[in-house]
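To start, the structure under review is shown below, and the notes come after it.
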Amino acid sequence: MLNLIVFIFGLNYHYYAHTMSAKSSIYEITQLNMPGVRPDHNEQYLCKAIKLDRTNVHYITKFQPQISMSRAHHMLLFGCDLPGSDEEVWDCGEMTSQSNTASSSLPVCDPSGKTSIIYGWAKDAPALTLPAGTGFKVAGNTEVQYLVLQVHYMHPLQGDVTLENYFKINLNILEADFSGVTLTSTTTPMPNLAGVLLIATDGMIKANSKENFEAACLIDEDVEIHPFAFRVHAHDRGIVVSGFKVHGDRWDLIGKKSPKEPQMFYPVNNTDMVIRKNDIVAARCTMENIEDRDIKIGATGDDEMCNFYIMYFVQNGSILKDNTCTSAGPPIYYWGRDGGLKNIPDKFASTL
């Protein structure tokens, strides 16, 4: 039995920069950045939290990344009821990984409260603007009272080898990093509330082989969600990541991409798609391992990941209460065997 886990999101305005008028709405710009951190070892996840404004509800409408793939592997933005630490910056682990290589790592969010994924970035993905009339409902009286920025650094940062920093590198003086994201929001109520559903797997791929990592979950809430964007994430062995709505024997494509392309939120295949109660959401990551070792799902670059994100909106209602669909992955879980799915578009799901 697979579970879905989606929550609501929140925002902080202590880092408020300025306002601007667009039509009848006032838009606020919030800058959320790492405060000059210096990652000091490989495969380091660092988190920073900001406390949210409880006075007013806001609606996030745009995400502008301020980050480069030359400095970071990926970045995630979480909404939390409580952060995983009171420190300004803390070592934090990968949320969806079941293996944590750093025993001293603290969680992104306090496990006693709510957690949600709001936004993700990798491979120099550009800005994301939500459709007109759509926003993530945050702050005020919402359940999430903190935003937590998580950045995955593959290596300590030592800048480019130039005359200016040549001696810094030789002296092992680490570069400071201010990566982050600029958020645009408004207090004007939006008719469409946005949410994110993550489909992810565990599992492993054997040496010198191809494998499909698959997950599928039943929507058991009385909602109608309208997907408008999707994002894929895998590491070096990923070939294609695809996602579907399944109803009976009918498979409708939400979207598919190579994870080697910029890992942005792309428009869905059909903007008229609606996912309802008793529909199934399914995702597959097709991977090829050319190494002489087995590779498992995990948090480091030496491991793999299989993630498919669905960004959606609801009209005049609430977003999903659950926001993560997971499976055990190969060699334990497959769509046709453990998921009980039929009429699987096998070739279509694994090719572009």
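Including glycine, each Cβ sits where the backbone N, Cα and C put it.
Feature annotations, courtesy of TrEMBL:
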- 32-157: domain 'Copper type II ascorbate-dependent monooxygenase N-terminal' (DOMAIN)
- 193-335: domain 'Copper type II ascorbate-dependent monooxygenase C-terminal' (DOMAIN)
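Secondary structure of the domain 'Copper type II ascorbate-dependent monooxygenase N-terminal' (32-157) per DSSP, as helix, strand and coil residue counts: 0 helix, 59 strand, 67 coil. Look at the domain 'Copper type II ascorbate-dependent monooxygenase C-terminal' (193-335): DSSP puts its residues at 0 helix, 80 strand, 63 coil.
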